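See structure below.
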Amino acid sequence: MAAQINGGDPESLTEPLIRQSTINSTSQVALVGANICPIESLDYEISENDFFKQDWRSRSKVQIFQYIFMKWLLCFLIGLIVSLFGIGINMAVENLAGIKFVFASNLMIENRYGMAFLLFAGSNLFLTLFAVIITISISPAAAGSGIPEVKAYLNGVDAPGILSFQTLVVKVLGSISAVSSSLVVGKAGPMVHTGACVASLLGQGGSKKYGLTWRWLRFFKNDRDRRDLITCGSAAGIAASFHAPVGGLLFSLEEMASWWRSALLWRSFFTTAIVAIVLRAFIDLCSDDNCGLFGSGGLIMYNVTSTTISYHLSDVPPVLLLGVIGGLLGSLYNFLLNKLLRAYNYINEKNHVYKIILACSISIFTSCLLFGLPFLASCQACPSDSTVICPTVGRSGNYKKFQCAAGHYNDLASLIFNTNDDAIRNLFSNSNDDEFQKSSVIIFFTACFFLSILSYGIVAPAGLIVPLMVTGASYGRFVGILLSSHSNLSSGLFAVLGAASLLGGSTRVTMSLCVIILELTNNLLLLPLIMLVLLVSKTVADAFNRNIYDLIMKMKGFPYLDTHAEPYMRQLTVTDVVSFPLHRFRGIEKVRDIVHVLMITRHHGFPVIDRPPHGGHDVLFGLILRAHLITLLKKKAFSPDHLPMDPTEVLSQFSAQDFAKRGSGYFDRIEDVELTEEEMDMYLDLRAFANTSPYTVVETMSLAKALTLFREVGLRHLLVIPKKSNRSPVVGILTRHDFMPEYILGLHPLLAKGKWKRLRFRFPQISKLF
């Protein structure tokens, strides 16, 4: 990102909020994994210069067809590979966790409770340690959900290592281990990150570092094409997590992508369709118990009911109540998680030993709590009309025996001594409203609510969607039990609505979440109630804070550009925030001067100024990127005289691959360019490589209007030109940094004292009205 920092002093950069006690943050560094890393912006703008125009004109119809065909082929490969990862993760989690629960249950049947606890706690500790150690040692960027990082990338922020091959490996293995360790974490967020990594690696043609490269895939060496592929990858991740192809498509549209167009919609739809087909084939394969302890229910597919759902006007108030509760609990969840992540960071930033100790402490505490809580619940007699074996022994099910006598089951153990997926399936169960006691459901809700917050901060892959779903389903089930005699809705349906309400209250996602839950429950009749509960929960929660992913991005320091401008931006013009000095180049520039400017600045875009052939004032010729300048210096396309280069010579010396964008987080450095004194005194013609049609705004434009242009087009640089023609052709350059509220309020602190500040603090959604 071309940061226009006064004097170019990198020491003036501040760190992300998660490492500060104040709220003054810039956009130049971010917390990636557990480390502070410099970040850059992505170049989504197409560079229209003479060289690239000629390169595109020289392509044959076969090459153009091949380019289009490869886009669809990569979408197919993304869908296929991500669905296979989803299948592998689901099978591994169910079998690893299932074996652990089966052995512990068998020991309890023999009344060897001490050995059962040691086995349960020991296996959980080992799995947690494995997830944390591989994350710390191989790829710290794989820690956490991954959705904030991918969302920031699709907004135009490039952080080191977030889409690398190491991150993909750790994300898959770490999420399997972390979810199997009985920590209250999910795999949906890591699956989104996994899908993005797969798409990024395919778009780059593989990983050169590990020798996994495919030349026939190297068609997309620019940020715009990679952005589209990663959007498809994020949609495939959600589709593979919940067997929800349409929900995954809408999730990438509503929550992940900052730019969308119809062509991308079709490719994302094609990708999620491939995921749905592969998963359907796998469900058929496992329908006869051919997948070990995975079971015969498919991939976390919750068939709530096959009967007709009837509800009346009297059922609307309880649904509204669930929405309000979900909004309040969702905003409280975000607040507590925000505070806890800041506290965890002071531990994680010390050294690796502290990270491991923190993770081990949480694992042991979780194991003690999960093993001990079921003893608080009383045993219940198995229902006489049960269609499944009761009590359940040897695999997952609704009726866990735990410490109960023959013919009885422990309802709290049926929720706790299971994977999160099985717990959700049990809560959504519509077979018997008296299956769970009120006290058991309340205990389970309290444990899930706080354990999911405690577990998320460890340095391991961990998602939030499934924990929020199981927590919301538990209090929804409780409300259903209370109202069972006064409502036409069953307790299982209330659990579905409770899961939707807490998810809506925390993530503030509505449209896609509605479709995901409909695809999970396989019942379209729930649509009006789910829509209602999501709208209410989101509206209530918006009055307190922002969604959880935006809060995490803010803490990490990712410079995310919102869809709306802050009210004070309408009071400022672009010249109020643009920084100086501005470095510019002539059309033909001495090599020594170019090297000097690149050495003393960190800017990534430079205006090219030229004078018309017949005299007159200087004019703006275009904009040249730092990466292109370094490429020209490396190729040593110099001239001994101050003369323009021959266009045919330019095409013979360079190819499009020379200017191709490298992988995410990798940048060429000027320090790596070696030049002799004789070469330093030569000249370089920049005009054939400068973007001759950069986006520009007049200096009197409001900052709010410029932000809209900057975000909607997906720019990295926005040139500010003077209103009068007799001045310098360029006033300055706006970059992502210049639109950050922390930077603007640092320049104009009086704006922070206005009345709007107090209103926005109380009602965050008020800024959307201006």
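Cβ from N, Cα, C; glycine included.
Note: TrEMBL annotation is automatic and uncurated.
What TrEMBL records for 690-750 is domain 'CBS'. Residues or ranges marked as transmembrane segment in TrEMBL: 67-93, 113-136, 229-252, 264-283, 290-313, 319-336, 356-377, 441-466, 478-503, 509-536.
Proximity of distant same-chain residues to the transmembrane segment (356-377), defined by a Cβ-Cβ separation under 8 Å and at least 6 residues beyond the stretch ends, is recorded for 116-117, 120-121, 124-125, 128-129, 131-133, 136, 181-184, 344, 347-348, 400, 402-403, 410-413, 416-417, 437, 439-440, 443-444, 447, 451, 454-455, 457-460. Distant neighbours of the transmembrane segment (67-93): 59, 172, 175-176, 179-180, 187, 191, 194-195, 198-199, 202-203, 217, 219-220, 225, 228-229, 232-233, 236-237, 239-241, 267-268, 270-275, 278-279, 282, 291-292, 294, 299-300, 419, 421; these residues of the same chain sit at least 6 beyond its ends, with a Cβ under 8 Å from one of its Cβ atoms. Per-residue pLDDT, averaged along the domain 'CBS' (690-750), amounts to 89 for this model.
When Cβ-Cβ distances under 8 Å to the transmembrane segment (113-136) are tallied for each of 264-283, 319-336, 441-466, 478-503, 509-536, the top count falls to 441-466. Applying DSSP to the domain 'CBS' (690-750) sorts its residues as follows: 24 helix, 12 strand, 25 coil.
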